[in-house]
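K.L.:
Have a look at the structure that comes next, please.
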Amino acid sequence: MATTRHWADFQYEIYLNGMTGAVPRLPTDLTRLEELAGHRLGPGPVGYVAGSAGSGSTARANRAALDRRRIVPRMLRDVHERDLSVEVLGRPLRAPLALAPIGVLSIMHPDAECAAARAAAARGVPYILSSASSTPMEQVAEAMGDGERWFQLYWAKDRDVTASFLDRARAAGYTALVVTLDTPLLAWRPRDLDQAYLPFLHGVGTANYFSDPAFRAGLAKPVHEDPNAAVTHFVGMFADPAKTWPDLAFLREHWDGPIVLKGILHPDDARSAADAGMDGVVVSNHGGRQVAGSVAAADALPRVVEAVGDRLTVLFDSGIRTGDDVFKALALGARAVLLGRPYAYGLGLDGQAGVDHVIRCLLAELDLTLALSGHAGPGSLTPDDLTGESA
Ligand SMILES: Cc1cc2nc3c(=O)[nH]c(=O)nc-3n(C[C@H](O)[C@H](O)[C@H](O)COP(=O)(O)O)c2cc1C
Ligand SMILES: CCCCC(=O)C(=O)O
């Protein structure tokens, strides 16, 4: 009998380690990480990561939309050999998961993006580096070796900065470009406002910008001589509320790899993405951090899949916390999911090992949920595997 290595093997590894008295350093229920991080890390950083727009209704709706859908398990379907691999944007992945772009991770841990990226690379999970990273993109690339990496673009007002980012990303081996459209401005975020805390203004640099020649060319003085001016320049130019759909032609001309638009919720926007020659979309409301009162991401997903599922790669994020959440997103038609806050907490609590723990827990739970529901891999999932609101 073939001995396939399954993600679920992590379960036995934990029990076997327990025979020597060891228990996992972090909870295996990833929903518990936020509270733990709240006890161990500063209120500013944890508030920034955990917080969302307005009164938090979108973040709550994201959870409710996933919880409301229930899995209908099937029996006697030979699931002893399982394979979670999928192809995404022409790249073979070991599992339908990528780490979402999260800016300024140095507020969570001094090893910041490099630690998260190393953990992802070691498990064969793509790492999506934020434009607003606290580490230059070249350094993160080096930390990852040949790990799969994608670059998230905040589409700057300054064309030269955007062009420079694309050149640097290409040279550093980032294969796909993820263009975030839902953050032309930062939303009203009361948890940060009440603490008057924004990482960039608290001495946490976005070294990815500060190390960029085109960005530096826009400063009157070098960053070290006037860091406040550099931060102010960053906040004023990192995104551009004046952009419209025809502007995508610039990105298509300057990037020859796959381009994915992140933050799509309306089927017509998904169609526009396909018409503009894009390769994929991420159905996402930025984890509830941008539009308060927004449609839940899982409620938007089926309509986007129906509109463009045959033309574009549809990815999903916002609210994923457990293996069954991933199952549900895939059953609704997503090709893979992005994970946000849980890995940031894992990083904050235990560095690279904490991110590794989060990846392994999520994928072990997904593997077991698939198996126990009668699926040997993501390929056999359909909306019929869920109750009720599959549309
Ligand atoms: C602290 C924090 C920073 C983020 N920074 C970025 C960013 O720089 N670029 C981006 O496209 N999305 C950013 N996001 C959004 C994530 O990529 C992702 O869409 C979201 O976290 C998914 O929801 P989840 O946290 O519920 O998994 C950020 C999210 C958090 C929590
Ligand atoms: C200026 C970077 C914004 C980071 C971000 O996307 C978020 O806080 O949600």
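Glycine is treated like the rest: Cβ placed from N, Cα and C.
Because TrEMBL annotations are produced automatically, they should be read as predictions rather than curated entries.
Okay, so TrEMBL annotates it like this:
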type: DOMAIN; residues: 22-391; note: domain 'FMN hydroxy acid dehydrogenase'
type: BINDING; residues: Tyr48, Tyr154, Arg189, His286, Arg289; note: glyoxylate binding site
type: BINDING; residues: 101-103, Ser130, Gln152, Thr180, Lys262, Ser284, 317-321, 340-341; note: FMN binding site
type: ACT_SITE; residues: His286; note: active site, proton acceptor
K.L.:
How many Å separate the Cα atoms of Arg321 (FMN binding site) and Tyr48 (glyoxylate binding site)?
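P.N.:
Arg321 (FMN binding site) to Tyr48 (glyoxylate binding site), Cα-Cα distance: 18 Å.
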K.L.:
Other than its own, how many Cβ atoms are within 10 Å of the Cβ belonging to Pro101 (FMN binding site)?
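P.N.:
For Pro101 (FMN binding site), the 10 Å Cβ neighbour count is 25.
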K.L.:
Please report the three-state DSSP label of His286 (glyoxylate binding site).
P.N.:
helix
K.L.:
Considering only the binding-site residues Tyr48, Arg189, His286, Arg289, which residue has the minimal Cα-Cα separation from Lys262 (FMN binding site)?
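P.N.:
When the Cα distances are compared, His286 comes out closest.
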K.L.:
Just checking: which of the binding-site residues Arg189, Asp317, Gly319 have a C-beta under 6 Å from ligand 1?
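P.N.:
Among the binding-site residues listed, those whose Cβ sits under 6 Å from ligand 1 are Asp317, Gly319.
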K.L.:
Can you tell me the CA-to-CA distance separating Gly103 (FMN binding site) and Arg189 (glyoxylate binding site), as a whole number of Å?
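P.N.:
A Cα-Cα distance of 16 Å.
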K.L.:
Please list, in sequence order, those binding-site residues from Tyr48, Gly103, Gln152, Arg289, Gly319, Arg321 with the Cβ less than 6 Å from ligand 2.
P.N.:
Gly103, Arg289
K.L.:
Would you mind pulling the longest C-alpha to C-alpha span across Tyr48, Tyr154, Arg189, His286, Arg289, which the record has binding glyoxylate, in angstrom?
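P.N.:
Of all Cα pairs among the recorded glyoxylate binders, the widest measures 19 Å.
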K.L.:
Least buried of the binding-site residues Gly103, Gly319, going by other Cβ atoms within 10 Å?
P.N.:
Gly103
K.L.:
Using Asp317 (FMN binding site) as the reference point, find which of the binding-site residues Tyr48, Tyr154, His286, Arg289 has the shortest Cα-to-Cα distance to it.
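P.N.:
Checked the binding-site residues Tyr48, Tyr154, His286, Arg289; minimum Cα distance to Asp317 (FMN binding site) goes to His286.
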K.L.:
What number of additional C-beta atoms lies within 10 angstroms of the C-beta atom of Lys262 (FMN binding site)?
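P.N.:
Here the count is 24.
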K.L.:
Taking the Cβ of Tyr154 (glyoxylate binding site) as centre, how many other Cβ atoms lie within 10 Å?
P.N.:
25
K.L.:
Tell me, how many other CB atoms lie within 10 A of the CB of His286 (glyoxylate binding site), whichever protein chain they belong to?
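P.N.:
Other Cβ atoms within 10 Å of His286 (glyoxylate binding site): 25.
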K.L.:
Here are the binding-site residues: Arg289, Arg321. Which has the lowest count of other Cβ atoms within 10 Å?
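P.N.:
Looking at the binding-site residues Arg289, Arg321, the Cβ with the fewest others within 10 Å is that of Arg321.
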